[in-house]
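*Asks:* For reference, the structure I am asking about is given below.
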Amino acid sequence: MNIHEYQAKEILRNYGVSVPNGRVAFTVEEAVEAAKELGSPVCVVKAQIHAGGRGKAGGVKVAKSLDEVRTYASELLGKVLVTHQTGPEGKEVKRLLIEEGCDIKKEYYIGLVVDRATSRVVLMGSEEGGTEIEEVAAKTPEKIFKEYIDPAVGLQAFQARRLAFNINIPKELVNQAVKFMMGLYQVFVDKDCSIAEINPLVVTGDGKVMALDAKLNFDSNALYRHKDILEYRDLDEEDPKEVEASKYDLNYIALDGNIGCMVNGAGLAMATMDIIKYYGGEPANFLDVGGGATAEKVTEAFKIILSDPNVKGIFVNIFGGIMKCDVIASGIVEATKQVGLNLPLVVRLEGTNVELGKKILQESGLNITAADSMADGAQKIVELVR
């Protein structure tokens, strides 16, 4: 789950991590009032959307008067911001962060992620702050330094200190930087983050180390124990189909193709998308109905798939282990009748009660194409949507 920059900074502030003073604003008047409260001669007006690259897209403005705050807030609120992370459709700006300006002396990068190769959290740092870290990794990987963290003892002060020296934090500010990194790590662990990224981390003219921007993403599987984090969820920033799917414990991710997929199990879902591509088709979604799908879940899955106007056909690929094929078949028949499906539908069933499942489909009287294998099903749906 993603949250906004101002929300991330609120969490960091609670952990003693240094961030600039700021206020969130939903209207132009609120933006002006926030700037008045801050009382800073320079304010930064920042568009709040769930995407990076806002500065390059014109979503970050420096205001030197209340009139400029009003002008920039008027420009940004309601604007559709297109960045390299939003896609061409962009995201509408519905809230702003009004933040006090600061005298930036030097920019750095600090980030925490889970490293799959070592199964450990890794603290990364670079003195190439303010730019895309992927770009730095590709062009000058030697400028990125890493500290792998032992989960039994957590981040140690000597590791944070070593990283601070490696990225050339001024010696007199190393202790501040160490405190910053230790606090950031505590947030990462306590809140079950998947990413904690500060880009840029800045050293200011008056000798402070602080987060000028902050990105926190959270492991969705751990949200049940973080009610406080769930309150930060902004449904306006999420795909409505994905939001609807989450209500029924369906794992749905929208894609750009025209073949809707309904599969049980993430691995099989990935393989299904691959084989559709192999035979010349384009999947419209990733949809994992899980191991305990009911007829109701299958019906809702169909509705979500069909809410995408690009879908021209559906491929259902089910391996019945825990889930029985006859239950899925009944769900497919019920869903097809409920939604009035008039698109090509190819179904491949295998596993527990497969013969009973096939019989239910055959006797339904509906226009359902049966497939003998995953490859057969993929070829059939690709042909049918052409």
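Each residue, glycine too, has its Cβ placed from N, Cα and C.
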*Asks:* Given that Swiss-Prot lists Gly53, Arg54, Gly55, Glu99, Cys102, Glu107 as binding ATP, which residue among Lys46, Lys91 does it place in the same site?
*Replies:* Lys46
*Asks:* Name the residue, out of Asn258, Asn264, Asn367, that Swiss-Prot lists for the same substrate site as Gly321, Ile322, Met323, please.
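*Replies:* Among the candidates, Swiss-Prot records only Asn264 at this substrate site.
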*Asks:* Sort out the sequence-distant neighbours of Glu107 (ATP binding site) for me: same chain, 6+ apart, CB within less than 8 Å of its CB, listed by position.
*Replies:* Gly129, Gly130, Pro200, Leu201, Val202, Leu212
*Asks:* For Asn264 (substrate binding site), what is the tally of other C-beta atoms lying within 10 angstroms of its C-beta?
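*Replies:* Step by step: centre on the Cβ of Asn264 (substrate binding site), count other Cβ atoms within 10 Å, giving 24.
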*Asks:* Nearest to Asn264 (substrate binding site) by Cα, among Gly53, Gly55, Glu99, Asn199 (binding-site residues)?
*Replies:* Gly53
*Asks:* Determine the most Cβ-crowded residue among the binding-site residues Lys46, Arg54, using a 10 Å radius around each Cβ and all protein chains in the structure.
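*Replies:* Top count of Cβ atoms within 10 Å goes to Lys46.
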